[in-house]
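> Annotations for this protein, taken from TrEMBL, read as follows:
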{"type": "DOMAIN", "residues": "331-401", "note": "domain 'J'"}
{"type": "REGION", "residues": "1-29", "note": "region 'Disordered'"}
{"type": "TRANSMEM", "residues": "53-73", "note": "transmembrane segment"}
{"type": "TRANSMEM", "residues": "79-96", "note": "transmembrane segment"}
{"type": "TRANSMEM", "residues": "133-153", "note": "transmembrane segment"}
{"type": "TRANSMEM", "residues": "165-182", "note": "transmembrane segment"}
{"type": "TRANSMEM", "residues": "189-207", "note": "transmembrane segment"}
{"type": "TRANSMEM", "residues": "249-267", "note": "transmembrane segment"}
Amino acid sequence: MGEKLSQAATNPSPKHKSKELKNGKANGNGVHYTRHETKYEHIYPQLPEQKSLFITYILWLFGGFFGAHHLYLHRDRHAFVWWCTLGGYFGIGWLFEIFKIPEYVRDANEDPRFIAEFIHKLRTQTKPEFSTIRFLGQIIMSYLFGQLVMIAVPEDVLFGFDWRFLLWTVPFFSALGVWIVGNIGREKGVFWHCLLAAYAIYPLRYFVYDETYWFTGMVFGSALAFEQFSKKWRREAPKRHGPVKRTIIFTTCIMLYLSVWSAYFIFNGKITDSEGDEVPVHEAIKNFLKSPWWTDLKQTFEETWRFAKHHGWYETWKQIIDSIDIDGEQNAYKVLGVNPTSTQSEITRAWRKLSLEFHPDKVKDVKLQRAAQEKFMEIQQAYEVISKIKSKRRSRNKKDGSQDEKIEL
């Protein structure tokens, strides 16, 4: 639609009625709305880029859990809610949308019939009627945001500072969840009503120690405040921003949401070690950065970078392939206790010695026979790996030598 549906649009005065009849279109009830004329026709309204119902259903089917179909229809807030809740509370909302998608497409296309019905609602309803689905969505998002912030605030003193004062942001994010859902589609509302309600109820936590009661009261109070005082019609079509701006805004929101989850995992998450003891994740990360494994890995990266600067990335890639031992040659040398410069006779001698030493028939203890069997098989496999690799190299060298002789002739 593109233009604000003012009072003149819903109740045209006699002065402007003839002009609207000329530039507008009427439905069966005589409701008129104005639109810009196209350069091809004088009577058909100028419509936005038309969205396909078929494509919308395809995106709903294969990317609906993350709001792909809503992004296609320029319903970015709806897509963000679906992304955070995995398809509207683990797919429940996603499944229900199979019947709502045609209406969403007509809304995105500003279908004349949809616009006429919407204007009729504007004339007959001073504010949007109560929607159980939207209200439950506000409750879910409010509860999700509030609980997420509560568990993300560090429980312990970190960096010599107590961060629990950040718990006072819980009402803000709880109200934010209400406001986001309340501003989806053709409805909107201001933020401060639900925000004041959330902060008014939040202090109950100091008197009612059971989180179930005070938190639920805060969530419902915020949603009811939005329903009662904030909610109203969105009389103008939602602005359609360019793909770059939409991508930046949507990606930023997703990154902020994931960063709060990361804060919870790092500051309050715990890892169970091999002895069954729980270690905070932030301490585990600190210990990991001091561990010999990380020190060796860091040194390996530094040496790789220095090697690449002097020899180039192609030679570096060859070194990396050799170092990760994809053919098992280095491990085979290690099992037999030899090195790559050992002769074939030395390798065979080491293989025979180890085969006799770890032969399962020489082990009388039944409990140790299985370990001896595995070690014996490992020795045989190591010898086979080295033998095959050396055989291939000899064949390749002979082939290269014969080619060189032909070239000399």
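Glycine too: its Cβ is placed from the backbone N, Cα and C atoms.
Fair warning: this is a prediction, and the values are worked out from it, not measured in the lab.
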> Hey, would you say the transmembrane segment (249-267) packs against the transmembrane segment (165-182), going by three or more CB pairs under 8 A that are 6+ residues apart?
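Since fewer than 3 Cβ pairs under 8 Å link them, the transmembrane segment (249-267) and the transmembrane segment (165-182) do not come into contact.
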> Please work out the helix, strand and coil residue numbers for the domain 'J' (331-401) from the DSSP assignment.
59 helix, 0 strand, 12 coil
> Given the model, what does the mean pLDDT over the domain 'J' (331-401) come out as?
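Mean pLDDT across the domain 'J' (331-401) comes out at 83.
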> Same-chain Cβ contacts of the transmembrane segment (133-153) under 8 Å, 6 or more residues past its ends?
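Same-chain contacts beyond the ends: 81, 84-85, 88-89, 93, 96, 163-164, 166-167, 169-171, 173-178, 180-182, 184, 187, 215, 218-220, 222-223, 226-227, 260-261, 263-264, 267-268.
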> Cβ under 8 Å to the transmembrane segment (165-182), counting only same-chain residues 6 or more beyond its ends: which ones?
77, 80-81, 134, 137-138, 140-146, 148-150, 153, 188-189, 191, 194-195, 197-199, 201-202, 218-219, 222-223, 226, 230-231
